[in-house]
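Q: Quick one: the structure is below, and I'll ask about it shortly.
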């Protein structure tokens, strides 16, 4: 009864929609830079300074930043049905992104800038083969982390945003791929860095996504009722659990559900993000957050 995820049919795409998407993305990035990131015009540094004044501990400050982001992000998601009734689907999406995105950027930049400032708990970076293993784990995590690529036009509010009940592709493995991806990402980075800042970041992010498991199921149950209960009965939160116990019946050509443009896009962006690490680190350092 759920939707087929990651479907992208070129013949059904409108060039005008993707032109709007590109224009909206450009405007959003420009406004984000001027209003938040640029220290001469934005409020990002003032926000970081205000939170940093609450504690001398980078771990505590990072946890506060994650808590603020998590509260706003999950709170706005929880009130989505009510909010959309008052202001509409597209304005609520703009409100959601307009508040969540700056908070996410602040948390990421602070983590990058202070990732090695904590107490070193272990040091395993010289272990043969570990870097390759963790790199592969991190690469895999992004296939779980970003199911939003299934509906990019809705993310940008070009198409009317909807709450989807996905059931194919990555959902066959786990009903909550973002949580699983976040856990994999956190474990890989924490093992590699081995310090208290990484542990604090992982604790906060994993806790937020575990709450998202409960909150996401609650919202889907309210929206879809019996249809969600049916999907829930043949999927699992724990990866592969529903497949192993026979509740999830894989079709013979299930692999074709992954041979689609959104997954190829994730592959390209993940590789790009890896090679762009030095640029991201330099850009974050120059902000002095």
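Cβ atoms here come from the backbone N, Cα and C positions, even for glycine.
What TrEMBL records for this protein is below:
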- 18-37: transmembrane segment (TRANSMEM)
- 60-79: transmembrane segment (TRANSMEM)
- 61-280: domain 'NnrU' (DOMAIN)
- 91-112: transmembrane segment (TRANSMEM)
- 132-153: transmembrane segment (TRANSMEM)
- 258-277: transmembrane segment (TRANSMEM)
Q: So if I exclude everything within five residues of the ends of the transmembrane segment (18-37), which remaining residues of that chain have a CB under 8 angstroms from its CBs? That is, six or more out.
A: 43-44, 97, 101-102, 105-106, 152-153, 156-158, 287
Q: Averaged across the domain 'NnrU' (61-280), what pLDDT does the model get? Just tell me the whole number, please.
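A: Taking every residue of the domain 'NnrU' (61-280) together, the mean pLDDT is 93.
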